[in-house]
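These come from TrEMBL:
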type	residues	note
ACT_SITE	H35	active site, proton donor
BINDING	28-35, 146-149, V175, 183-186	ATP binding site
BINDING	Q59, Q152	(R)-pantoate binding site
BINDING	Q59	beta-alanine binding site
Amino acid sequence: MTALVHSRDDLAGARAAMTGTVGVVMTMGALHEGHRALLRAAREQSDHVIATIFVNPLQFGPNEDFDRYPRTLDADLAICAEAGVDLVFAPDRAEMYPSGEPMVRVNPGPLGERLEGASRPGFFHGVLTVVLKLLQVTRPHLAFFGEKDYQQLTLVRRMVRDLDVPVRIVGVPTVREPDGLALSSRNRYLAPAERQAAQTLSAALRAGVEAAAQGRDAEAVARATFDSDTAKLDYLLLTDPDLGPAPAEGPGRLLVAAWVGSTRLIDNAAVEVVAAA
Ligand code: PAF
């Protein structure tokens, strides 16, 4: 049975009754197969699973999609029940931010200003602040985040390390449509032609991954594969696994962000860079 609570007090009561390990999956709702994979991992690795559903206003810019972000609580609860979630915490804005906009926020540091942070100023301040708050109120042993939001995952790991937060962060691989498109709650904004065009992100990544393995320039090949006629590239970058400078050899990460119509999509893939002969 999945219990639903909206207040911190009810959450605290339910959490206190949990014995054994607790895993949390934080979401903004509009759950899809990618979230199901997170919930599955949490179910497999923890005794109790808490899912949080909260569309966090702090991580949306003034011209972003906060108002139209899909809110599908009943469908989300059905998915949580099916996935064996023990407890859903779905607070409203006043419950999460009782004093209004928080004056003190988590500063993500320089990594928070690059890539997504460069296009979405303040985004990671908002993400890390709510993640830290949700960690405080759910007190999990494990917290599961998707690799799809790779910079978010990297920064959450970093925050937990730098601020001594007692939780283990578990990254869960991206779930994709058969044509390669990474699952995202924002995919539902795409019109049919845009949905078709959106494949170019994963196609570019696949080409880059293959090129890297052959000792060719992954970033250049991915760029050449990206179809700029149907999507507008924001960034496409090869980094090391911690989002530092591109490696000459060994593991790396290829990241892409692009606009398809008015929808901004991101994706990334692990690469193994083979040094050019
Ligand atoms: O990845 C998300 O859905 C959000 O950024 C998160 C982690 C739930 C924080 O609002």
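Heads up, the Cβ atoms here are built off N, Cα and C, so glycines get one too.
All TrEMBL annotations are machine predictions without curation.
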Filter the candidate list M28, L31, G34, H35, E147, S185 of recorded positions, keeping only entries whose CB is under 6 Å from an atom of ligand 1. M28
Take the C-alpha atoms of E147 (ATP binding site) and Q59 ((R)-pantoate binding site) and report the distance between them in angstrom, rounded. 18
Could you tell me the C-alpha distance between L31 (ATP binding site) and Q152 ((R)-pantoate binding site) in angstrom, no decimals? 18
Argmin Cα dist to S185 (ATP binding site) over the recorded positions H35, Q59, Q152 returns H35
Counting across all protein chains shown, how many other Cβ atoms sit within 10 Å of the Cβ of M28 (ATP binding site)? 19
For a quick check of understanding: among the binding-site residues L31, V175, which residue's Cβ has the most other Cβ atoms within 10 Å? L31
Could you state the CA-to-CA distance between Q59 ((R)-pantoate binding site) and M28 (ATP binding site) to the nearest Å? 11
Measuring Cα to Cα, tell me the gap between Q152 ((R)-pantoate binding site) and V175 (ATP binding site) in whole angstrom. 16
Tell me the Cα distance separating H35 (active site, proton donor) from M28 (ATP binding site), rounded to the nearest angstrom. 10
Row G34 (ATP binding site), column other C-beta within 10 angstroms, all chains, value 23
If you measure V175 (ATP binding site) to H35 (active site, proton donor) at Cα, how many Å is it? 9
Return the residue, from the listed binding-site residues Q152, S185, with the maximum count of other C-beta atoms within 10 angstroms of its C-beta. Q152
